[in-house]
Amino acid sequence: MQENLIEKTEGPNRRSTTLVSANRYVVLPVEGINTFMKNSISTSKYNAITFLPKNMMEQFKKIANVYFVIIAVLQSIPDISNSGGVPNILLPLGLVLTISAIKDMLEDRKRKKSDNEENNRKALIRKNASWQTVLWKDVKVGDIVKVVKDEKFPADLVMLSSSDEKGICYIETKNLDGETNLKHKVASKSTQSLYCDEQALDSLRGDIKCEDPNPMIYQFQGVLKLPGGITAASSEQFLLRGSSLKNTDWITGITIYTGHESKIMLNSSQSKAKFSSNEKQMNNQIIYLFFMQLILCAFCAVFNVSWLSSQKDNATYLELEKANTNIAYNFVVNFFSWMLLFSNFVPISLLVTLEMVKFIQAIFISWDLDLYFEETDMPAGVQSSNLNEELGQIHYLFSDKTGTLTCNIMEFKKITVNGNSYGTDLHLTSADKIPHVDFVDSSFDPRHPNNFEFLLHLACCHTIVTEKKDGVIEYKASSPDELALVNAAKFFGFEFIGRDADQNIELSVFGQYYKVSLLNIIEFNSDRKRMSVIIRLPDGRVKVFCKGADTIILPRLLPDSTIDKTFQNLENYGKIGLRTLLIASRELSNSEYDEWNSTFIDAMNDIHYRDKKIAECGEKIETKMSLLGATAIEDRLQDGVPDAIAFLRNAGIKVWVLTGDKIETAINIGFSCNLLTQDMLQLLVISARTKDVEDEVKEAINNLLTLGAKDAALIVSGESLLKIRGDLKKDFIKVCEKCKVVIACRVSPQQKADIVKMIRDFKPDARTLSIGDGANDVNMITAAHVGVGIAGLEGKQAVRASDYSIAQFSYLKKLLFVHGRECYRRNSTLICFNFYKNVLLVMPLFFYGMFSVFSGQSFYNTWIYQLFNLIFASWPIVIYAVIDKEMEYEKLLSDPKYYKIGLIGELFSTQKFWEWILEAIAQSMFILIVSVFALCDVTGMKNTGKIDPMSVSAVMVYGLVVTYVNVKVILFSFAHTIFSLAAAFLSILSYYLISAIITDWMPISETLDNFDSFGATGMMLSNPNFYIAFIIIIYSGFFWQPLYAFIKVIFERVFTSKTSPKEKLGIDMSVNIDFREDIKEKPDILKLRRHTGYAFSGEAGHTPQLTDPSFFNSSYNAPNAIFGKN
């Protein structure tokens, strides 16, 4: 068994470590039979041969389809069949399966077309001392590939050389992670020097050992053994299939992973399917309804067998003595005969109807111009339309902060150096403006020696790459924070120019050119929460520059008198919602550095535990550092966030903000966005020790109980969450349930997901929604019932992992309160109505059985019976579910109380479902009684002395059911359009036309063996009693409902002089839903202190202020003090 292991991340967007095997070994050049996977890809599910069997297997994973196949089998048994042994249920079933199959085929056709386009792209490979053009699908592991500017990489490559003399290339990975910022890759110095000459590639010999194919797109570890020696290969040399080469003429690379073993394909697996709560409840109700069907079948069978046994000698006209006398046989035959008659208890078209309706609803969501963000040309997106109604039932909303509530456009505002704070609330004028900088304070002198190293740190400690456009240097950063810091350094006179071929940092300091040797970079990740660079200054000194979160940097600092002042400044920055970073440095002797660098090189070359050992190297050198200061960056709220959050809270949705920011910053963000109010009780659970956390949770419970607070806010830290386990977790959940707002600070991406899962586990009936914009929000988004991604500046990982995507947090208001609420209302009614109409159709068979001692005699025409869900009772409810509008959307967006129907599940529950069923049972009984007595009574005698046969009653009952269900849709609809009215009218008309054709037209009647019902439709229409019965049933069945509602409205207007909202909603909404109940006055010590400095939510452009002209005219000559004379 292979024991070599390599650290890897647990998911494509995480950088924490786990282990994978290092088995891949490639000898160069590859000769003989290629044993590695081909480079062709196939994302399609079917081909011409497998489509039918595979698609049918998928279709019959649905229990409903299996149920109807069983019905078809029963219909084929002569002794049981109600259709003469003809399985006519296959007609509607086949149509349903065909519609689903066509949908699947069209979707798969798109995938196949995309596959062919991908596989037939052209690539250049080195073969026979020349570059030869081949198709992507023909590229093999070990091939040397050349990619030119703006082309995509055909496979996963290890970069050998670049047209850039430094070995640098720029790539765009938006096809992988959605990020539009260019990333730079660097060829190893040895391979760049050896193989920048194309002829040298022809003699390339060696081997590559690397990790097995895995989905971790941010990591690669391998070792190249080439004539020039052993070279470590890392993610810096790794080029991903699907990414594009930018701003570089060409690169060469060795193919490592191909086809479905490339990282982009290993990341293409579909996420776990989500189902709405309505669907889950619907499945439960189907089971209950099926048991009801079994009970009815058993009752009918027992009654019939008992009657036959007791009447064998009396009912001689039935010739019962010739019948089979085996009781068990008769029971089974009768039981399954009734099973066939009751087969329509389960609506055969329900699943297809739901899918179709939700698909159209999703189109309307994406077409909504109110959800379109013109600035980025971003409409709303729907990735999981089966969750449409879930948007109308959200109880808990979990939100990221940066880029979700805020714009994620960072502006450098303040700094603290040597304990002194600089920066005012004024704003720069456009003339002084540098991108991402809004710093105004003439008292800060960048030339002062005390400030110089701090600014040098900003200019050097980053991973930004530069690009020249029309002679202007542009910065390309993967982080908006780094972009703000480097632009701030430029603003203060420390301009980062770029890096040369030897990776020296090129700077312009107050107009003078300098080079600083970049020795090593220890990159930021979510575990370290810091980054460091090691540089050598021109005078030979070695410096470690480190920046990171205050909780991470503080334990690594030497004692300093300015630390307390600095942290006081950080607290003040947090109060006005600014993001902060600590800046620190350490000087190393040459011997210290050489010893450490030797360990670092070994770690870089370790193929098995590289990441772990690099982290250990960082721990060794990132200690005993001196504090240089801290930065404060502003990230303003998005437009409409305060209003949206206030509306969400007033609707009864509990809003949780999960952020990596400091407590003070998070609290003040809460105030600025209306999440927190001055009257809220503040509960803090922020300790790092288990005992202290237990005490804080108990204190929170006591405060909630003794003070009877109506509004409370819980602020909890990530460190405290780590200590909450076992029974303490139950107490913590109790606190959370009582709080209207929860803010979790300093939480990791995994903790965000764990918090969502915790609520789902302890509150299984509550619906959760997570919203975020970055890769660190993906786990949280996928953990919730509904995930919403915001297309922001951090790429589109969140969008790709989400169920719905929007451009701004404020758009969530309409997504939930209009689309979500209306989809819940319509879809709930659609589900209940589908069962209602089928029970209304089926139950007359049961009541008719009372007249035929439950013999299993078929009542309806078997062919017409199967067309009910397909033609006669389908289109009006579909139109309703797509376009019905209960009230103007402005009203839904102005009063949050209308969202209540989804929160309490008022329109779809077990009780509501069975109310519909009982209504259908009662109405079916009434229809049958009126029909039978109207047409089969002696008053219906013809001049021949005969009355109309049973088949005429069946045609009438069926027709009245069709009329009932279509008119009912009109009655409970709020929006009556030409489409809805026409659909109802045509559905009713189509029944009488088709019934006349099937029963009265001899060629069709003869073909379908309908002699028992021949002429039934004509006889019914020619009987005046039919029209009387029709009017009685319509009036009795329907018009009492609007009459009752009208009288009720008049009554309430007379006696209350005001109309209650329930007339509009059709439900009891008379209670004013103000979830912010009156709050008793609390002791001052328990109130959150009032914060007034909300620069976080301020608008740009206030009070233009020119910087002091003396800003750069100080007499100090700090650069020469460190760099020496240039």
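Heads up, the Cβ atoms here are built off N, Cα and C, so glycines get one too.
Please treat TrEMBL annotations as automatic predictions, because they have not gone through curation.
The feature domain 'P-type ATPase N-terminal' is assigned by TrEMBL to 35-86.
Under the heading transmembrane segment, TrEMBL lists 60-77 (among others).
Residues annotated as transmembrane segment in TrEMBL: 89-106 (among others).
Marked as domain 'P-type ATPase A' by TrEMBL: 120-191.
Feature annotation from TrEMBL assigns transmembrane segment to 286-307 (among others).
Feature annotation from TrEMBL assigns transmembrane segment to 327-352 (among others).
In this structure, GLY660 (ATP binding site) belongs to neither helix nor strand by DSSP; it is coil. Here TrEMBL flags ASP400, LYS401, THR402, GLU482, PHE524, LYS547, ARG579, THR659, GLY660, ASP661, ARG746, LYS752, ASN776, ASP777 as ATP binding site.
In the three-state DSSP classification, ASP400 (ATP binding site) falls within coil. Residues annotated as active site, 4-aspartylphosphate intermediate in TrEMBL: ASP400.
Within the same chain, the residues at least 6 positions away from ASP400 (ATP binding site) whose Cβ sits under 8 Å from its Cβ are VAL657, LEU658, THR659, LYS752, ILE771, GLY772, ASP773, GLY774, ASN776, ASP777, MET780, listed in sequence order. Residues annotated as Mg(2+) binding site in TrEMBL: ASP400, THR402, ASP773, ASP777.
The domain 'P-type ATPase C-terminal' feature in TrEMBL is assigned to 799-1051.
Annotation source TrEMBL lists transmembrane segment at 830-851 (among others).
Per TrEMBL, the feature transmembrane segment maps to 863-883 (among others).
Feature annotation from TrEMBL assigns transmembrane segment to 916-935 (among others).
Marked as transmembrane segment by TrEMBL: 955-974 (among others).
TrEMBL lists 981-1004 (among others) with the feature transmembrane segment. Nonlocal intrachain contacts for the transmembrane segment (981-1004), taken as residues 6+ away from its ends with a CB within less than 8 angstroms of a stretch CB, comprise 861, 863-864, 867, 871-876, 878-879, 951, 955, 958-959, 962-963, 966-967, 969-970, 1010, 1013-1018, 1021.
According to TrEMBL, the transmembrane segment annotation covers 1024-1047 (among others).
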For the transmembrane segment (916-935): best-contacting stretch of 60-77, 89-106, 830-851, 863-883, by Cβ pairs under 8 Å: 830-851
Largest CA-to-CA spread of ATP binders ASP400, LYS401, THR402, GLU482, PHE524, LYS547, ARG579, THR659, GLY660, ASP661, ARG746, LYS752, ASN776, ASP777, angstrom: 24
Assigned element (helix, strand, coil) containing ARG579 (ATP binding site), judged by DSSP: strand
CB within-chain contacts under 8 A for ARG579 (ATP binding site), separation at least 6: THR402, MET410, ASP481, ALA632, ILE633, GLU634, ASP635, ASP661, THR665
Surrounding residues of the transmembrane segment (89-106) on its own chain - C-beta under 8 Å, 6+ positions past either end: 45-46, 51, 55-56, 58-59, 65, 68-69, 71-72, 75, 343, 348-349, 351-352, 355, 866-867, 869-870
Chain residues outside the transmembrane segment (863-883) and at least six past its termini with a C-beta under 8 angstroms from it: 88-89, 91-92, 95, 344, 347-349, 353, 356-357, 360-361, 364, 826-827, 829-830, 833-834, 837-838, 841, 958, 962, 965-966, 969-970, 973, 975, 977, 979-980, 983-984, 986-988, 990-991, 994-995, 998-999, 1008, 1010
Set of same-chain residues at least 6 away whose C-beta sits under 8 angstroms from ARG746 (ATP binding site): ALA549, THR551, GLY660, ASP661, LYS662, ILE663, SER717, GLY718, GLU719
Number of Cβ atoms other than its own within 10 Å, given for ASP773 (Mg(2+) binding site): 31
Helix, strand and coil residues within the domain 'P-type ATPase N-terminal' (35-86) as assigned by DSSP: 22 helix, 0 strand, 30 coil
Residue counts (helix, strand, coil, in that order) that DSSP gives for the domain 'P-type ATPase A' (120-191): 10 helix, 34 strand, 28 coil
